[in-house]
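Trainee: My questions will all concern the structure given below.
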């Protein structure tokens, strides 16, 4: 159902007859929290809460790097879910947040806030921050120039709610400790992902490929948390798939497929609770998803319906822009629902059957590494080194999940005189040393040699492993491909079990953690120079360097010598030359003889199917929308959906003369009871003197029994 309101908040009540159209999801920009404390048998604490909600209706979204993709509404809200585990001697924190990735600046801000509150309890070595990799979260929380350019700068009003939300999720987890137990289980999910760069994968050694059934990781790992009575209180699941079911045309903030999986499991466990409420918290975390897409119908040329070119993912007419991969659904919402539901069902199954208890001590190892200067001895006579950061020509081609606008293609191993000439004129040519180091990558942007107004890419990178009994979580600062992840898990498992202190260790990768450094391919995949190889910024031996560093961490844990690890060079915390390209929020206006919150398009009195409402509105801290049902017994209204619900969609558009139109959609599920419903819209509007005023109105609709 659709309503139109005047900019800024209002509440509208609409009465209607309910119909069908199931949808359910939790999302959020409020933060969910789950904390866990484990003492030998495990101590657990958990909770979820809303955090400050950013005015998302002005910001670019992070993921597709599309300057046209400015947030203009809410599909679902975004959550931070925090898990704290304590064995009585050591503590680790694992946070999975519904954001594209964790930036170095975001992590540093969170660690500073935690130090202020807790002293040395929560530190860089025992706190893991991981992003789900939704491409429809907010941007603006990076301190390196390349990311600031694609995010409209460093935006304090974007990063601060993220910091506050993550810290708040940890706060609530910290204050809700209880004894409990942890169980693990794993399985395979084979219908929700495909490899988007199979040509690169096939460049890996045949004998290595023959060890595996699939060219993507189908493994799902679940940690189940219960109290001492065996009642479930939370779960973390890891599965490798890009959160790109919502494509680059989407203008609404969304937690995508992983967020929908969380929504479904939390809805299932928290009977009758609204999204973001209830005690059970389900975190669905990213893994080695670098070459993995949920768009399972694969890439086709939109203008012809024919398959794209296998090697470079382009079309005879239209190039890479016309080559797009599609999910299993009728549209992106349906695809998000299908993929998210599959992930949820597998996790639910594994959770229900998890009986292998996780016991043993906790460890945490961390180092900062200068990834531009790592040398590894690979045999008695040869060493290899990493490079200063650089992006190749195929980076600009994008992927089949979202191609570039220019005439770049994937698989480019030679430069283009036209684009190289423009680069040289504007930014300067890459040095011969950098070109040789990155070979066969033709360098488009030599970001490691670009430092104005700030470095374009990071040099200092976090490497980190935490172990919870027999489960090792590797915090990876980027997007590892399938085979890169397999090699890393194998290496860490070997080191941990080499001293016989670990047995039957389950090793999992937590992707997009702590800092973002683009992609990490194998050496062999790098030679093909598709998008993932072109985006492996530290050169062809990036994975070799990471294997070396993570082996060192795992060895230190196995030998109980973590305290002897050097901390490494600390990353910078820039205070000068950060820039913000966002225009200031304009004053809000309304038509003559109207008020903020007035309904522009009234609803019908009775509904039997999904409809819409339009009004003019603004933004608010808690929810912009409620759908409420009237209880005849108590003569009160009960909230049944908010803007965090999958069933609602909130669209915002700045119209002419600074007038803002809000459109509210309620997709009525078949389970909705017949009765009288009210839709309310809440928001703020800004006056000339920068005063923000809350406005509220209501509209009513009735839903009666269908004929």
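Each residue's number is its place along the chain shown, starting with 1.
Cβ from N, Cα, C; glycine included.
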Trainee: Need a hand: TrEMBL gives 133, 479, 519 for Zn(2+), which of 242, 363, 366, 651 is also on that list?
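Mentor: So, going by the record in TrEMBL, that would be 242.
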Trainee: Give the range, chosen from 26-46, 47-67, that TrEMBL lists as transmembrane segment.
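Mentor: That would be 26-46, per the transmembrane segment entry in TrEMBL.
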Trainee: Can you check how the pLDDT averages out over the domain 'Neutral/alkaline non-lysosomal ceramidase C-terminal' (550-688)?
Mentor: 82
Trainee: Report the same-chain neighbours of residue 479 (Zn(2+) binding site): residues 6+ apart in sequence with Cβ closer than 8 Å to its Cβ, ordered by sequence.
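Mentor: Sequence-distant Cβ neighbours: 133, 288, 289, 290, 511, 512, 518, 519, 520, 532.
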Trainee: Write out the long-range same-chain contacts of residue 242 (Zn(2+) binding site), meaning residues 6 or more apart in sequence whose Cβ is under 8 Å from its Cβ.
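Mentor: Non-local contacts for residue 242 (Zn(2+) binding site): 133, 135, 289, 292, 293, 294, 401.
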Trainee: Pull the DSSP breakdown for the domain 'Neutral/alkaline non-lysosomal ceramidase C-terminal' (550-688) and write it out as helix, strand, coil residue counts.
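Mentor: Residue counts in helix, strand and coil order: 15 helix, 53 strand, 71 coil.
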Trainee: May I have the list of same-chain residues other than 133, 242, 479, 519 whose Cβ is within 8 Å of the Cβ centroid of the recorded Zn(2+) site, in sequence order?
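Mentor: After dropping the recorded site residues, what remains is 286, 289, 290, 292, 478, 511, 512.
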